[in-house]
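A short worksheet on the structure shown next.
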Amino acid sequence: MSEACQDRRSRWQEIQKGLQFIQSTLPFPGSQEQYEVFIKDLVWNLFGEGNDVFREGEWTKSIEMYTEALSIADYADSEEICVATSLLEKLYANRAAAYLNIGLYDQALEDCEKALYLNEGNYKALYRKAKSLKEMGRHQEAYEAVAKCSLAVPQDTSVTDLTQDLAKILGLKIRKAYVRSKVCVRYVSKLNNIESPMGMAVGMPEVKGLPAAVELAKNPLADTHEFKQACSSCYVKTGEEVCVCVCVCHKCKKDALLGRFKHSLDKKWKLIRPRPTKTQYVGPYYICKEVAVGKECLYPGHCTFAYCQEEIDVWTLERKGFISRELLFDPYGPNSNIRLTVPKILQEHHGIFMFLCGVCFDHKPRIISKTNKDDLSLCSHPVTKHDFEDHKCLVHILKENTVRYSKIRPLSPQCQLDLCRHEVRYGCVREDDCFYAHSLIELKVWMLQHGLGITHESIVQEAKKFWNSTALLQGISNVQRRFGPPNLKMMFVCGQCWRNGQLSEADKNKKYCSAKARHMWAKDRRVVLVSSHERKKWTTVRPLPTKKPIPSQFEICMHVTAGKKCQYIGNCTFAHSLEERDLWTYMKENNIPDMDQLYEQWLQSQKPGWGDETSNNSVRENGKQIHMPTDYAEEVAGNHCWLCGKNCNSEKQWQQHITSEKHKDRVFNSEDDQNCWQYRFPTGTFKVCERFLKSTCTEDELCKLAHGEQELKEWMERREFLLMKLAKARKDHLIAPNDNDFGKYSFLLKDII
């Protein structure tokens, strides 16, 4: 263990002992002077521990440390022990920085005022005060505060940027600062001084002596575990999911990972399944309860619990980004060079690579802006059109039920070929300044660039070539394409016959329906029917909603989803079936505004040779749609919610989305999140039930108190995790500024105050 870790552990032990003593009524075993030193040391230790956990991104814990230190300082004052004013000033200023990071701007402002009362020249507190006021919408007061800070540290970039942002908001003229040829600044400390964690409010502290780029680390399990590649022909399953290697002469696919402990009596190999990634679970992994007692798992193929300890060890290090599966197979042997290519990445992750406007993408909230169709040198932002070539950034786009954008930052010498542990959990506060990859796709592109030196422009070109060749291989140009969504059949029938339960199409001359009644074939008398491969039932589709602007994504009506009849009086703009939603989406993406044009294009598709004349680059692979670059044509710039994968192309749509209950639930809760935790959802009362300890609690699941120390510990971890997610959402403007109504999650804010 390092000396720093030992010092920190001993400091924490001193804090625990000190808190335990001052909560008792025992007399201090020493003189009054020694008692004063003891109290002051306790406050300093709490201050130091708060700074350390702050640097690690644990802002809630740092607030607890600073608050405890300030409480002890108040206690010391009642004992006529004076804690240094300079220390109190730092405690208030640092707690304000922590409050800023979790989005509690009122508390941050209050602490800044207290720090400035003790020292009106504290420019760190002035800066944080300005940040808090800006986030609260009090721009004039924020500008006055940051102006004072700017006079104290005129060359600090963080202060300069904030000053210019506020000046733009207030419509003030931005003046260029005069820079002297030789300026002595030894008497001015940096804003991101390590003693005061300013950096985490606006980025991480300054890093000196940046390390060079590192190769992927050696397998950290090499001393205790051994691994091998196999396939389904290499091993057979013998209860408890244990795999025994079988000598079979075959060409191994090497698509499975087997592992075992090196120095164990059990020499059997065990299957190491891929780590479940659909959840944001951050706690320890556990063995499946059924497997632990020797039974078969109830959810084979979908279970998110481990089947063996070897699997837990690999999953844990994979989640932290400490190992890569490819490196588990003898990282220094003949297979040590991981041959990554653009096609290989796209085959695994699907989607496309594309350039977007970087300024719009980094905006809060995120704006998706491509090239302007009228002027390719500019972005498509409706107001501020940025120079696209100067500000473009590479983005990986995956468009399925939702849209996911993953930014690929340029590879620099400081970049580390590992995943950022903060981004994986609740979002990295350093954002583009972080040296670690923020997604698996970004990590693989960095590895590709590190090995081949390929540029972002070349990656985009390689991706286009790959999809073009894929389309050719699947014979897209030689096979007649069916009109409409690929999963739907479509037909136009007589509306009057349809009401009577008959399917009557138009006659040969398109003047009457083909029924005996010979109804007139007119645009107001025909209806469109669609049938999906799954339901195989004809369903009517209403006209495309005329609401402007058309939503980026259509959703199913909540009444229909609940199995009820739609209660809306008028034309409901929500789809009443999955088939209707798919056809509306197809019409929107192909610029078909109404049923008349849909009918005309459908008629054209019935003619011979239509499939050769009309090409579509969307192909399907293994049942999944692959999107070609031409599918992502220039669109009107709009806000994007990365939590829900939803694009909104108007301010009204955006406000409706971020204030919806469904969106707020996604801020705190992701898919399958409920299965990631061992115990109940926190009730808001973080105490252990005394009756449970005495085995007399009769409320069971309804009890508001924790049933044991383990449940209480998980509740505390879960609260901190949810607070971090809320802070990230606030920072990205995915929550309205004055919105504090989060339903069952509202106790999080009340508990921290």
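Cβ coordinates come from backbone N, Cα and C, glycine included.
Annotation comment: TrEMBL describes 419-441 (among others) as domain 'C3H1-type'.
Listed by sequence, the residues of this chain that lie at least six past the ends of the domain 'C3H1-type' (551-579) yet keep a Cβ under 8 A from its Cβ atoms are 402-403, 488, 530-532, 535, 539, 541-542, 545, 585, 588, 638, 646-649, 653. Per TrEMBL, the feature domain 'C3H1-type' maps to 551-579 (among others).
Feature annotation from TrEMBL assigns domain 'C3H1-type' to 683-710 (among others).
Sequence annotations record features per position, and here TrEMBL assigns repeat 'TPR' to 89-122.
Positions annotated as zinc finger by TrEMBL: 419-441 (among others).
Under the heading zinc finger, TrEMBL lists 551-579 (among others). Look at the zinc finger (551-579): DSSP puts its residues at 6 helix, 2 strand, 21 coil.
Per-residue confidence over the zinc finger (683-710) averages out at a pLDDT of 86. The feature zinc finger is assigned by TrEMBL to 683-710 (among others).
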